[in-house]
Amino acid sequence: MKIPFVEPVICLSVFAVTLNSPLTTQYVYRRIWEETGNYSIALESNTSECAKNKSSPIFAFQEEVQKKVSLFNLEMDISGLIPGLVSTFVFLSHSDHGGRKFPLILSSVGALANSAWLCLLSYFALPIQLLIASTFIGALFGNYTTFLGASFAYIVDQCKEKKQRTIRIAIIDFLFGVVSGLTGLSSGYFIRGLGFVWSFLIVTVALFVNLIYILLFLEDSMKESSSQNISVSWTETFKNLFHTYMLFKNASGEQRSLCCLLLFTMITYFFVTIGVSPIFVLYELDSPLCWDEVLIGYGSALGSVTFFSSFLGIWLFSYCMEDIHMAFIGTFTTMVGMAMTAFARTTLMMFLVRLPFLFTVMPLSVLRSMISKVVHSTEQGTMFACLAFLETLGGITAVSTFNGIYSATVAWCKGFVFLLSAVLLLIPAISLCVIKYVSRNTGSYVLLIQEESSEDTSDR
């Protein structure tokens, strides 16, 4: 019996990724700490190995560890950049002919292999440089962006009515926030109670169950796909790689300008928020905060609440304001949160700075919705592939860039990277102003929505 619901797949994947991310960062941090110094960090310790006094000999040592960890993360991200870009675009383009399960299966296999390798790496204490190779190989099978792109395309295939599609996507946002929040909250207890090996094993088991569900139980959303279509789809896929160019070429001048502006705004906002997110763990591990794994788990859980709060914000604000105004609110509050984080010096302050981040996800959801409204219904699949490609490129480039900046500035100003993020968020804010001006003077955005709505009405 086949099940036409991709939600369980997303939940298991979110659990695995949310647990695996802080696990990997803290494992690398401990390994580099132990390899740089002459002693190890006890997992059962309730205190963080961290010196708050700058005159302490260990203070300079931990600054060196911070630099090495940041540079190592940079190397891992760069190793997965090119294969991740190619696999994401090719697999999602292929899914238009071969079905959505294909990229779901491949990206799940890559994640499972990478998690299993982390188990072996931590159990046998193998050189952590092997993580760079495993990241490269895993990216050949796709990454998390590939998985999410295929999942959303799966939902779009099933939902013919826009209201139904909105509800399904809203449910995904809600589940994403709940699962990632609970997982982040418990991640510190996983490390303290089970250690890294068993924690990585739990992630591996979750990904294995996920893969079994996709292979045996998940129904393919494209039932009309035949074996003949699948056999020739690879040739068609590479021919259609240039369809994204045609998407913009065949559009009107106003539609093309508006679409490019929306894409630019979304990617620049995505670049800043995704790039700075891994720095939070390093910032919390370092002085003067010196958080342990449990506090990091609490912080991760509070950060995950933004998915749920952003969903509530969209639901409430949609009754009294336009989409673009919701994007303004999310961008401005995130900017405030970044600036506050740069000056957070106590645990209480670090928890309080999570409040301005409550609407951080809102601009991404709203901009994605706005983009879908200026693209024809027959070109939605191409736009999903384009967005996934840009998110992969922007995400990996952003994380690599911000890790490099943090490594270069941590010695003289730990909060510089957050101040820089606040300044960079002015770019999408200004871009939103331009979009507002263009749509007000040309009326193109409203016109396109009306045309799309009239087409849907005539189809019914």
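Any Cβ shown, glycine's included, is placed from N, Cα and C.
Unlike curated records, TrEMBL annotations are generated automatically.
Per TrEMBL, signal peptide is recorded for 1-16. According to TrEMBL, the feature transmembrane segment maps to 71-92, 104-125, 131-155, 167-191, 197-218, 258-283, 295-317, 324-345, 351-371, 383-406, 418-438.
Sequence-distant contacts of the transmembrane segment (295-317) (same chain, six or more residues past either end, CB-CB distance under 8 Å): 18, 22, 26, 170, 173-174, 176-178, 180-189, 277, 280-281, 284-285, 325-326, 329-330, 347, 350-351, 354, 357-362, 365-366. Note on the transmembrane segment (351-371): residues 173, 259, 262-263, 265-266, 269-270, 273, 298-299, 302-303, 305-307, 309-311, 313-314, 323-324, 326-327, 329-331, 333-334, 336-337, 340-341, 344, 383, 387, 428, 445 of its chain, located 6 or more positions outside it, place their CB under 8 angstroms from a CB of the stretch. Here the transmembrane segment (383-406) does not lie next to the transmembrane segment (167-191) in space: the count of CB pairs under 8 Å, restricted to residues six or more apart, is fewer than 3.
For the transmembrane segment (258-283), the most Cβ-contacting stretch among 71-92, 131-155, 167-191, 324-345, 418-438 is 418-438 (pairs under 8 Å).
Sequence-remote contacts of a segment are chain residues at least 6 beyond its ends whose Cβ falls under 8 Å from one of its Cβ atoms, and for the transmembrane segment (418-438) they are 254, 257-258, 261-262, 264-266, 268-269, 271-273, 275-276, 279, 283, 324, 327-328, 331-332, 334-336, 338-339, 341-342, 363, 402, 405, 444-445.
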